[in-house]
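Engineer: Before I ask anything, let me first share the structure, which is written out below as structure tokens.
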Amino acid sequence: MRVVAAMSGGVDSAVAAARMLDAGHEVVGVHLALSRSAATLRESARGCCTIEDAGDARRVADRLGIPFYVWDMAERFQRDVMEDFVAEYQAGRTPNPCLRCNESIKFAALLDRALALGFDAVATGHYAQIVERDGADGEVVRELHRAVDAAKDQSYVLGVLDDEQLARAFFPLGDTTKPRIREEAAARGFSVAKKPDSYDICFIADGDTRGWLTSRLGEQPGEMVDAVSGEVVGEHRGSYGFTVGQRRGLGLDRSSLDAEPRYVVGVEASTNRVLIGTQDLLGVDVIEADHARWCGAAPVGEVRVGAQVRAHGEEYPAKAWVDEHDPEVVHVRLDSRIRGVAPGQSVVLYDGTRVVGSATIASTDRASVTSPR
Amino acid sequence: MSVYLDHAATTPMRASARVAWIEQSERGGNPSSLHTSGRAARAVVEESREQIAGALGARPSEVVFTSGGTEADNLAIKGTYAARLHSVGASRLVVSGIEHHAVLDPVEYLVKRQGAEVTWLEPDRDGHMAVDDLRAALTPDLDVAVVSVMWANNEVGTVQPVAELAAVAREHGVPFHTDAVQGVGQVPVDFAASGADLMTVSAHKVGGPVGVGALLARRDARLVPLVHGGGQERQVRSGTLDAAGIRAFAVALVEAVGEREAHAARLTALRDRLILGALGLGLGISVSGSWSEGDAAGRLPGNAHLLVPGCEGDSLLYLLDAAGVECSTGSACQAGVPQPSHVLLAMGYPEAEARGALRLSLGHTSTEADVAAFLGALPGVVERARRASGAA
């Protein structure tokens, strides 16, 4: 097959490209230029859109002897990922930009362009596995599964991909652990073998998300309110800077509060209020999520699943069913309450290691207890 | 075997230049040393200087060796600006808007960081600079430090009326610089006859090695050095002289200039075949810049610059490369991303049209088979690139 290897300049996508080549595919390396300011050159290699990263990717491509191109997707990225990120926070939700990037850049804009240019598929360095099975009518059924390396598993940010996207995707690292990938990179002589992993949001260079949002949205002073009593317990400079479950950086007026730790238990964008409460208010077991995407057929009736509500988070036993009126909406009932479920994040549903589907968390609640909101 | 149609980027080294290069590198010796091997190296450098001057209508003492065209352009612009600012307080630069970045960027640096002012000369739709525009820009109340207009454009191949422009600058007593990197070896280039005060030339565009070039500077040209040190090259450009590179430069240049007439006639015919072939494919392709069949004076003989509607230049490049044809969009990249050409934008093309640019540049190794291979690959490439453009 003719395959575009998306090469960020990191160790994972380098090994992914090499493995595609070893598997006998015709491989062309493509680095995505995602930043408008192409001159960005950061001190540390934490992102995936610096000149240094493009140079690292090019060196790997040179070493593999494959053609290498930089494709400018900055405009699409700006619109579909960065502006969406800002709008989501402004609306009181907590978005996952990596997931959005997979959905609308890597397996949309990049894949579409690759297909138009005569390629068959896109390969990335994501840690996830695609398992092919024979379907009932002789067709090949593709399933998305967790990676072997549970700590690095990225199936959560790939759960948005539909069947057509999965059919055009390769994740060659899913069967290997990260330490082995680094060893392999070193054995292959890649200069990026010891390059640090990127953890942060690639377009926020210093990792200060709240500061970055403030520079775009401006200060929006508002009240922090006790979720139960309605009493004002502090002030903030923009409700967009808070996420459900957050404990640090609240700057509360402790004089009116008891010693128990306080958390953000809700963000009300319409009134610009941040709701504060004790730990017990954080626990939820009812999730309503929209924009449902199914890897394969949508579940019929109530199904037992494992639900993961944030990247690299735990998986919790639950049951899920599709809304009877709206096929885009899915209801999740967790077996027990969990904390820190933030609207805007995805809930990804698993059956064993298989991704069943994913949806964006719209609201949360607690069964049989009056909601604080 | 790939088809190389990017000679304007760099052209394969001539065999004679390679031999001269290796021979001299085996000899060694610092041309500034006073002992025997130093004197021998010095003799090679000076003999080369004389040959280069002879081939370009300059005096040997007017040749200032540099590390290449970019350094020569920087020296001409910044060095003259600093000298003229100091001597007569002149702080304005008059520069064509279609210069190579080696001229544009020093100008922008002087404007942003050193308080210089600039008057940009805008080309017509074919890329020509008007003599009257220069005259208007040199009105007496403006103290102009230097005028810079390239001999021939590196993207679209338009040849400028350098002698007329230089004459206007001279009337106003303003030094005139021309970047002749693309012109040498393709059109007649004579430094003295052109009336220019400063002229940039480069070795690797005529079949010499990369890393050596020269600024031709009239003996009365005032230049503040950019590189200080041992005082080589009239105290204007310090640094140990690269005798092997300079030797190979001279050999390549003498050969290129000697063959120029026959070479230009051959390239013009190939170029016209390429352009006519592309226009005849029924793909809506147009040629940019000044072009008429057989014209070897108004457009560089080796330059074909095509606009392919509905395509992104980098898609075209990738698909042609995959089909074994190496060429260029002609414009600069930023971090690997081709930018819409400032030359085409200055010529009045909208950005959407400028994005589908393709530069095919022919040189001494080009053949009819190269042109045929390109024309054979083009229809399929354009079709795919258009699909990709619709997708992205």
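In case you wondered, yes, glycine gets a Cβ from its N, Cα and C as well.
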Engineer: Starting from the ATP binding annotation in TrEMBL that includes A:Ala6, A:Met7, A:Ser8, A:Gly9, A:Gly10, A:Val11, A:Asp12, A:Ser13, A:Gly125, which of A:Leu32, A:Leu99, A:Leu144 is the extra site residue?
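Structural biologist: Between A:Leu32, A:Leu99, A:Leu144, TrEMBL records just one in the ATP site with A:Ala6, A:Met7, A:Ser8, A:Gly9, A:Gly10, A:Val11, A:Asp12, A:Ser13, A:Gly125, namely A:Leu32.
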Engineer: Please identify, from the recorded positions A:Leu32, A:Cys101, the residue with the sparsest Cβ neighbourhood, meaning fewest other Cβ atoms within 10 angstroms.
Structural biologist: A:Leu32
Engineer: Rounded to a whole angstrom, what is the largest C-alpha distance between any two of the residues A:Ala6, A:Met7, A:Ser8, A:Gly9, A:Gly10, A:Val11, A:Asp12, A:Ser13, A:Leu32, A:Gly125 that the record assigns to ATP?
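Structural biologist: Maximum Cα-Cα distance: 16 Å.
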Engineer: Please determine which of the recorded positions listed here (A:Ala6, A:Cys202) has the lowest count of neighbouring CB atoms within 10 Å.
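Structural biologist: Each of the recorded positions A:Ala6, A:Cys202 was scored; lowest Cβ tally within 10 Å is A:Cys202.
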Engineer: CA-CA, which of the recorded positions A:His126, A:Cys202, A:Gln345 lies nearest A:Leu32 (ATP binding site)?
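Structural biologist: Closest recorded candidate to A:Leu32 (ATP binding site) by Cα: A:Cys202.
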Engineer: The domain 'tRNA-specific 2-thiouridylase MnmA-like C-terminal' (A:286-361): mean pLDDT?
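Structural biologist: Taking every residue in the domain 'tRNA-specific 2-thiouridylase MnmA-like C-terminal' (A:286-361) and averaging pLDDT yields 95.
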Engineer: Pull out the recorded positions from the set A:Cys101, A:Cys202, A:Gln345 whose C-alpha sits within 10 Å of the C-alpha of A:Asp12 (ATP binding site).
Structural biologist: none
Engineer: Could you count the residues of the domain 'tRNA-specific 2-thiouridylase MnmA-like C-terminal' (A:286-361) that DSSP puts in helix, in strand and in coil?
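Structural biologist: Helix, strand and coil residues of the domain 'tRNA-specific 2-thiouridylase MnmA-like C-terminal' (A:286-361) number 0 helix, 48 strand, 28 coil.
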Engineer: Which residues, sitting 6 or more apart from A:Gln345 (site 'Interaction with tRNA') on the same chain, put a CB under 8 Å from its CB?
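Structural biologist: Once residues fewer than 6 apart are set aside, A:Gln345 (site 'Interaction with tRNA') is near A:Arg93, A:Thr94, A:Pro95, A:Asn96, A:Val309, A:Arg310, A:Thr360, A:Ile361.
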Engineer: Using the alpha carbons only, what distance in Å do you get between A:Ala6 (ATP binding site) and A:His126 (site 'Interaction with tRNA') once rounded?
Structural biologist: 10
Engineer: State the three-class DSSP label for A:Ala6 (ATP binding site), counting H, G and I as helix, E and B as strand, and everything else as coil.
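Structural biologist: Strand, per DSSP.
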